[in-house]
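Asker: Before we start, here is the structure in question, set down as structure tokens.
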Amino acid sequence: MNPYILAILLFGLGLGTTITFASSHWLLAWMGLEMNTLAIIPLMAQHHHPRAVEATTKYFLTQATAAAMLLFASVTNAWLSGQWDIQQMTHPLPTTIITLALALKIGLAPVHAWLPEVLQGLDLTVGLILSTWQKLAPFALILQINPTNSTILIILGLTSTLIGGWGGLNQTQLRKILAYSSIAHLGWMILVLQFSPSLTLLTLLTYFVMTFSTFLVFKLNKATTINTLATSWTKAPILTSLTPLILLSLGGLPPLTGFMPKWLILQELAKQDLALTATVAALSALLSLYFYLRLSHAMTLTMSPNNLSGTTPWRLSSSQSTLPLAISTAMAICLLPLAPAATALLTP
């Protein structure tokens with residue numbers, strides 16, 4: 001892609017998110033979300049592969065539906081309450097419709113079906129943007145409207161953690177596994193949103209760091225299926241021995257970074273007398289942990305056959321910059337000791 005066009009599209013992505021962040025009016029927020037969607041579509045379809053075009057079409061249709069729902073709900077809110085202010089959502093009907101529209105935008109279950117399909121059709125770089133940056137603007141809106149209907153948030157959160165765990169069990173494609181991992185993590189964030197919005201933000205940031213690291217590892221190994229991971233030992237032995245730690249951090253095992261948000265969320269849910277919800281969420285984390293362990297097993301405990309035709313591509317060094325990978329990997333593994341500082345920041 002022409003670098004000037006790429007720069008304009010990335011600028012459009014950034015601008016769309018910033019407009020949504022900065023807006024207090026529903027129309028402006030909607031405009032930012034639309035800019036975001038329209039800026040990423042050429043990036044998704046840039047390879048002109050039928051699979052990429054199909055993924056782009058699916059993405060466009062779901063995002064357009066969500067944006068139309070959002071616009072409809074904000075107009076309804078203006079009609080019922082006479083104001084367009086995002087933080088003054090008083091009526092339950094538009095608040096619920098907007099919550100569902102934003103759930104569709106970020107891919108929460110039960111409106112998640114587009115996310116694995118879309119992510120599977122993209123290359124890893126655009127998939128990374130879709131899994132991280134594209135979640136920011138809708139999340140900013142969810143945090144601002146602070147939905148009053150607690151039942152719908154808990155249902156969205158629990159179904160997302162369960163479907164995110166179950167859906168990834170039988171997958172062999174890495175991008176689909178990462179999509180289901182994304183759904184499960186978003187479920188955890190939505191569960192605790194009404195009790196501690198700052199904890200949701202902390203979970204989102206740790207999820208970004210771990211996902212960024214995982215995508216960069218797969219990109220460096222040019223891996224798209226579990227079987228391709230088995231050949232990564234000969235390419236980058238040190239990275240291959242660190243990758244299971246990143247994956248287990250995504251699964252939320254101590255003493256890794258990913259344990260911190262899960263621990264704090266379960267603690268918060270227990271404080272709110274939601275012991276059953278916390279138990280179901282913790283058990284659903286075990287489902288996710290299983291497929292992270294599958295990936296770790298494929299990378300470190302499986303040796304691929306070394307026939308001559310297979311050896312050559314392993315020796316080609318990657319042109320990818322390794323500094324972002326090194327920083328994100330260190331953060332994905334080592335940030336748990338900062339948990340006391342995080343809890344101090346979270347307590348009002």
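Backbone N, Cα and C atoms are what each Cβ position is placed from, and that goes for glycine too.
Feature table excerpt (TrEMBL):
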type	residues	note
DOMAIN	23-287	domain 'NADH:quinone oxidoreductase/Mrp antiporter transmembrane'
DOMAIN	289-341	domain 'NADH dehydrogenase subunit 2 C-terminal'
TRANSMEM	60-80	transmembrane segment
TRANSMEM	92-115	transmembrane segment
TRANSMEM	151-170	transmembrane segment
TRANSMEM	177-195	transmembrane segment
TRANSMEM	201-221	transmembrane segment
TRANSMEM	233-254	transmembrane segment
TRANSMEM	274-293	transmembrane segment
TRANSMEM	323-346	transmembrane segment
Asker: Below 8 angstroms Cβ to Cβ, which residues of this chain, lying six or more residues outside the transmembrane segment (323-346), approach it?
Answerer: 196, 198-199, 202, 206, 209-210, 212-214, 216-217, 220, 239, 242, 245-246, 249-250, 254-260, 263-264
Asker: Considering every residue in the domain 'NADH dehydrogenase subunit 2 C-terminal' (289-341), what is the mean pLDDT value?
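Answerer: Averaged over the domain 'NADH dehydrogenase subunit 2 C-terminal' (289-341), per-residue pLDDT gives 79.
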Asker: Under 8 Å for C-beta pairs, could you tell me which stretch among 60-80, 151-170, 177-195, 201-221, 233-254 has the largest tally with the transmembrane segment (274-293)?
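Answerer: Between the candidates 60-80, 151-170, 177-195, 201-221, 233-254, the best contact partner of the transmembrane segment (274-293) is 151-170.
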Asker: Of the listed stretches (60-80, 151-170, 177-195, 233-254), which one yields the highest count of Cβ-Cβ distances below 8 Å with the transmembrane segment (201-221)?
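Answerer: Between the stretches 60-80, 151-170, 177-195, 233-254, 233-254 has the largest tally.
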Asker: Grab the same-chain neighbours of the transmembrane segment (60-80) for me: Cβ-Cβ under 8 Å, and only residues 6 or more beyond its ends, written as numbers and ranges.
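Answerer: Same-chain contacts beyond the ends: 26-27, 30, 33-34, 37, 41, 89, 91, 93-95, 97-98, 100-102, 104-105, 114, 118.
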